[in-house]
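According to TrEMBL, the protein carries these features:
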- 12-37: transmembrane segment (TRANSMEM)
- 57-75: transmembrane segment (TRANSMEM)
- 95-114: transmembrane segment (TRANSMEM)
- 126-151: transmembrane segment (TRANSMEM)
- 269-289: transmembrane segment (TRANSMEM)
- 295-311: transmembrane segment (TRANSMEM)
- 318-335: transmembrane segment (TRANSMEM)
- 341-356: transmembrane segment (TRANSMEM)
- 368-394: transmembrane segment (TRANSMEM)
- 525-552: transmembrane segment (TRANSMEM)
- 564-584: transmembrane segment (TRANSMEM)
- 590-609: transmembrane segment (TRANSMEM)
Amino acid sequence: MKSAKDLPSSSRAAFIPLFLKSFLTAYALCVVFHAPLDPSWYETGIDYAIASVYELLGNYDIRFLLVLIITYALYYMENRKRMAGRVLQGKSSRVLAVFLAFCLLAGQSYDVVGTSEWCFGSVVNFIKFVLALAGFSILFHTLITWFWFFLEIHDFTAGKEHFFSRYAFRKAFLIIFGAYLPFLLVSFPGNLCWDAIGQIEQVLGGAGYSTHHPLVHTLIMGGLVNGGQALFHSPEIGLFLYMILQDMLLAGALAATIAVLSERGAGIGLLRCLLLLYCITPVYSNMASTAIKDVPYAAFVTGYVICLALALERPERLNGRFVLVFLGLQIGVILFRNNGLYVILFSGLAGFFFLYRKYGWRGRIRFLAISFAGSILTAKLLLLVIAGLCGAQSGSMGEMLSVPFQQTARYLQLYGDEISQEEKEAIQGILGDTEEVAAAYNPASSDPVKARFRKDASGAELATYLKAWFQGFLKRPLCYIETFYIHVYGWFTPSVSNTIRYETEGYEAVSQGGLFPNAEKLLIFYYRFAGQFTLLGVLENVGAAVWALLILTGFQRRQKRSAAICAGAPLWVSLLVCMASPGFFSHPRYAFPILFTLPFLYGFTLTGLQQNVHSEGLAVRRSGKEIGNLSPAESDEGSRA
């Protein structure tokens, strides 16, 4: 074996930085964080210093040596490819790598000990954190670069006919629906979550109608359960009929992604990967057998993203039929989830300004703007009419204040003796007794604090509370920032498990338990086991999905796929909704629009790489020419779809 002195000069020059990168990566992968050392535990300062050095160095065992060797080989190969110009380079992946490394390390600290002490609890822990951050950043930068390079050099389009070249939607629909049907049958009549039970009770008369949950979904699900009782003397049959309808909607949305990508020329390998993802990822079959509003909502969002991507890529698609379908999907997004309005509003604005900047105020652009405005107005009008006919009460304004309520509760818990009498009265006017508010704080969910919101509070009282909230922020900004991060870190940390199989008992109106004795227990075991299995757990992990979205957006930016970036706007708005939600533990359903739509966005981007790419201003160079008259070769990114 050659020593460093025997290596060529170029190899010797690279040996030290490569070894340093490998050492930092191995350190990051093997380091074990502990609670900060307390000097009072040691007799002398020397003993404390020695213990601190041992804590910093860690254990260099055989595992560390193996990781060091493997990572050195990885970086050595990367260095050779980089010197040959065969690997993408740039600062954007470095920034992304550092961000992901920080999310991983900080998220682990908050997940295990509930504070940032693993990262910032002591000088030793901070040094360990910095070293681990550097190691993970180097590793992630390399992996992201290689992943982008892989996507760039491979052709994901088809060179010949394949299984999905004809009747792609029908074939994909039958396969996906067939994959979910056994889980639905075993869970007969369907698994229920507490939200669904509350919605059914509204229709059965056990509770008054409310817009807290989407009223259209409440009427459909509860109406079928009620119809099953009236026609067959079995509410279970009614619930099962709803489950079939929900599954068909989900399978149809996912099959549409296969069909659209097939029309764009996607290769059979890419389509098989997507189909396999839809069929084996546990969260799909889990939610397909669970009555819950988020499944039809995610299906509508998936269809909406498909249409948005196609419209942004080639605006000449905006003919009457296309716009009618687009309009219907937008209305569905708004009707099937209360925050769907924000998804349509903000992603619609992003799409409109994207096209306006490229083409100006032309006929098709006006058509698109009218469709967005029309969908919002139509959906809001329908909701007002239905709510009026049902006599539904309005939902609580407190639903939008999860983050401020959490920050107030934690501030009271840690620094309650600092607040003035005026601030105390302002908080009590909205949330009640301040001591009880502090006691109700739960880092995992804002529901306990949010439940204390006074629904009859006036606008003036709310304004006074927000003033007190802001004063608290000025006094303790770090407390507020940390509380916010505690509230959202799970959405950015793949090491945090947030999968769930809803388990409800004691609902008498609709019997549950599955098709045969202990069937539901069998399903619960399967989904809990799947969440612990590395591959399946990663596929349904919300943090991993957000990382995949960030990596995809970075790749799109490199490839100047501006239409594809803008098509991802609904996912980014959905992420903001997730961050404002009650919490990520037991609430991964808030991220279904991301989980269910992301595979299509990858396919949409990859099938566009082999098409002729034109400059962003090409379509506007011919003044006076309507977008509807542009040829496919002149439209954005030259799509042949």
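Residue numbers in this text run from 1 along the chain shown.
Glycine residues also receive a Cβ, built from the backbone N, Cα and C atoms like all the rest.
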Among the ranges 269-289, 318-335, 368-394, 590-609, the one whose Cβ pairs under 8 Å to the transmembrane segment (564-584) are most numerous: 590-609
Selected stretch (most C-beta pairs under 8 A with the transmembrane segment (590-609)) from 95-114, 126-151, 295-311, 341-356, 525-552: 295-311
Any contact, the transmembrane segment (12-37) to the transmembrane segment (126-151), with at least 3 Cβ pairs under 8 A: yes
The transmembrane segment (525-552) and the transmembrane segment (57-75) contact flag, 3+ Cβ pairs under 8 angstroms: no
Stretch of maximal Cβ-Cβ contact with the transmembrane segment (318-335) [cut-off: under 8 Å; candidates 57-75, 126-151, 269-289, 295-311, 368-394]: 368-394
Same-chain residue ranges lying at least 6 outside the transmembrane segment (295-311) that approach it to Cβ under 8 Å: 214, 217, 246, 249-250, 252-254, 256-257, 260, 287-288, 317-318, 322, 325-326, 329-330, 332-333, 336-337, 340, 343-344, 347, 351, 368, 563-564, 566-571, 574, 592-593, 595-597, 600-601, 604, 641
